[in-house]
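To start, the structure under review is shown below, and the notes come after it.
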There are 2 protein chains.
Amino acid sequence: MRLHEIGEFGLIARLKEIVWRADPRVMVGIGDDAAVVTYERPVVMTTDALVQGVHFTSETMTPKLTGAKAAVATLSDLAAMGAVARHLLVTLALPPDTDVEEILAVYRGMADVCNMYDATLVGGDVVSTGGPLVISVTATGELLDKPLLRSGAKPGDILFVTGDLGGSAGFLHAFFADRLAMLNPLDQSLLRERHQRPTPQFIAAQILVEEGCTSLNDVSDGLASEAHEIAEASGARLVIEAARVPIPPALRAYARLGRLDPLDFALYGGEDYQLVGTVDVRSVGRVLARMQAAGVRFTVIGRVTDGAPGVELLAQGVYQTLEKRGYNHFGAAFRGGKEIR
Amino acid sequence: MRLHEIGEFGLIARLKEIVWRADPRVMVGIGDDAAVVTYERPVVMTTDALVQGVHFTSETMTPKLTGAKAAVATLSDLAAMGAVARHLLVTLALPPDTDVEEILAVYRGMADVCNMYDATLVGGDVVSTGGPLVISVTATGELLDKPLLRSGAKPGDILFVTGDLGGSAGFLHAFFADRLAMLNPLDQSLLRERHQRPTPQFIAAQILVEEGCTSLNDVSDGLASEAHEIAEASGARLVIEAARVPIPPALRAYARLGRLDPLDFALYGGEDYQLVGTVDVRSVGRVLARMQAAGVRFTVIGRVTDGAPGVELLAQGVYQTLEKRGYNHFGAAFRGGKEIR
């Protein structure tokens, strides 16, 4: 069934069923001019949008995975602030001949993520477009304690990341180079998972709130760009040790085959939705122990040093200045209507 | 200067200057993963999107007017809930060759509206698209008292609207029919204003919160559609008296010239951003007096009667069932890529 056959109101009626969820904080949910919700603590607000052909394609993502990833991209910002997720608003700009089942699948993906992280989809807007599908997700959260900002990194702190980096970009590279089949099936599915099923790092964030961190950012545009944001906001100098950056073995295998540098994917690829930040050196042991106990991969990748604000990369004994480069929507890296990012 | 020349980070730096505003409720503003804000009362959340070629065109709107209208479209939902505006998040999906000045003008328009209604733009997202410009505005507000819902209309209540209706759709009709010049200059500019500069009805909303109303909705898709929403949510039967519907004289003049029914624009046109609702008959006198004192046009256009839920139109002594029709994004009314809505 095509969207123009059931219309805006028919669509909204179906979406309501998919996203319905009991939430005592919701005084007014979907179905009036706006939602009304209650909070006990300061509210964190953020928004993130995915555009078909720029952030996702029908070849690399299913509609349900796309919906889930759109929600995760936004929730990842809440985790990076030290907040838990509360309420989502979703705007979809859709061509009128879109298949209704596809749209419902997008919302099913978002509803799954909401259920997993105790968030509730309370409203949104559905509009028609003559262009590509745009999914814009706004989310609110509540701070667990003080906000975890990008500023606050100081000389002597260690620099860390959660999870591993570069897998999402590695998958896209392998997919569009038509080289995915060169990997063994396990590596193929690992890379695919990194791209298709990112997870917001709420568990790590809660530990960082409780144990303290001096700066925190989520890795949406690549480690280089995110480290620069911390350096700028903190007025600090960061050193990243190349050999310490956690890279998935499947990405290493792919890079070997194509004679590529796997570190490039971690530094400039983006869409990992892991956390990068700094902690006081005296807290590292406790944070590391709690991360391990919670099953969160946590890797020290460098440190904060004296010197002018900026980011350095230490590779094979040589320090080099790391460019502030990553996925930049309108910069030279942008690839017009080409279905790759 | 084109957007791809300054890139995402260059753009964001300029936008921050435009939207900066002192707000003691903002703990963390633009520049981190998310904003952090505080509220004293329940939070109202809503979102609305405008798509170039569907909701606005470069012929009928300037970028600054478009930005202002995008903000107003969202704030209008807050007014209709009995809330005041607090914080905005804005997502722009932009083709990379967009002129930077145009984008800044969009934000200037939004900043003007924020300043006027004591709201603060605290963040957003800027993404690239190969398709039309999409402006998605999410806003939060705080309830003044209880939320004003669509449900609650009961037999004996009167039905009212603020302002006048149909002018925005009338302007588009005249513009695309190339008949605007047939009107005198004053009527031309009145119709243009209705389309280009809608205002959220916060003053009326505050009076309705204080004096009580049994149901409330904003008129974004046309009176017929909005009245049906009240009838459905309240399980009530509404009668609209055609002769009472306030129609701007300029629209009457245009309709006469083209042998059109001006009421059609009011019923099915949309984008008026006025309020429609019901009040107990015993409150009408007080509400009317306060609206007049506040300079808000307030018109009784009908009543709530016994009978099955629905909406009737009383015209020239004859009752007829009013269709639930208005601007429906994916229904038969949708006009693909044509630059008109």
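Cβ coordinates are placed from backbone N, Cα and C, and glycine is handled just like the others.
Predicted automatically and left uncurated, TrEMBL annotations should be read as such.
Feature annotation from TrEMBL assigns domain 'PurM-like N-terminal' to A:31-142.
All protein chains considered, the CB of A:Thr46 (Mg(2+) 4 binding site) has 29 other CB atoms within 10 Å. The Mg(2+) 4 binding site annotation in TrEMBL covers A:Asp33, A:Thr46, A:Asp77.
Among the features that TrEMBL reports, Mg(2+) 3 binding site is placed at A:Asp33, A:Asp77, A:Asp218. Counting only residues at least six positions away in the same chain, no Cβ atom sits under 8 Å from the Cβ of A:Asp33 (Mg(2+) 4 binding site).
Look at TrEMBL and you will find A:Thr47, A:Asp48, A:Asp125 tagged as Mg(2+) 1 binding site. With a cut-off of 8 Å between CB atoms and residues at least 6 apart in sequence, the same chain places A:Leu89, A:Thr91, A:Leu92 near A:Asp125 (Mg(2+) 1 binding site), listed in sequence order.
DSSP classifies A:Asp48 (Mg(2+) 1 binding site) as strand under the three-state reduction. Listed in sequence order, the residues of the same chain lying 6 or more apart from A:Asp48 (Mg(2+) 1 binding site) and placing their CB within less than 8 Å of its CB are A:Ala70, A:Ala73, A:Thr74, A:Asp77, A:Ser136, A:Val137, A:Ser220. The Mg(2+) 2 binding site annotation in TrEMBL covers A:Asp48, A:Asp77.
What TrEMBL records for A:His55, A:Glu271, A:Tyr327 is substrate binding site. For A:His55 (substrate binding site), the Cβ neighbour count at a 10 Å cut-off comes to 24, with all displayed protein chains included.
What TrEMBL lists as ATP binding site is A:Tyr107, A:Gly124, A:Asp125, A:Arg150, A:Ser220.
Per TrEMBL, domain 'PurM-like C-terminal' is recorded for A:154-308.
Its Cβ placed at the centre, A:Asp221 (Mg(2+) 5 binding site) has 23 other Cβ atoms within 10 Å. Positions annotated as Mg(2+) 5 binding site by TrEMBL: A:Asp221.
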Candidates from A:Asp33, A:Thr47, A:Tyr107, A:Arg150, A:Ser220, A:Glu271 close to chain B, where binding-site residues are judged by Cβ under 8 Å: A:Asp33, A:Thr47, A:Arg150
Which of A:Thr47, A:Ser220, all binding-site residues, has a Cβ with the fewest other Cβ atoms inside 10 Å: A:Ser220
Cβ neighbours of A:Tyr107 (ATP binding site) where a neighbour is any other Cβ within 10 Å: 25
DSSP helix/strand/coil residue counts for the domain 'PurM-like N-terminal' (A:31-142): 34 helix, 46 strand, 32 coil
Helix, strand or coil at A:Asp218 (Mg(2+) 3 binding site) [DSSP, three-state]: strand
Cα separation, A:Asp218 (Mg(2+) 3 binding site) to A:Arg150 (ATP binding site) (Å, whole number): 10
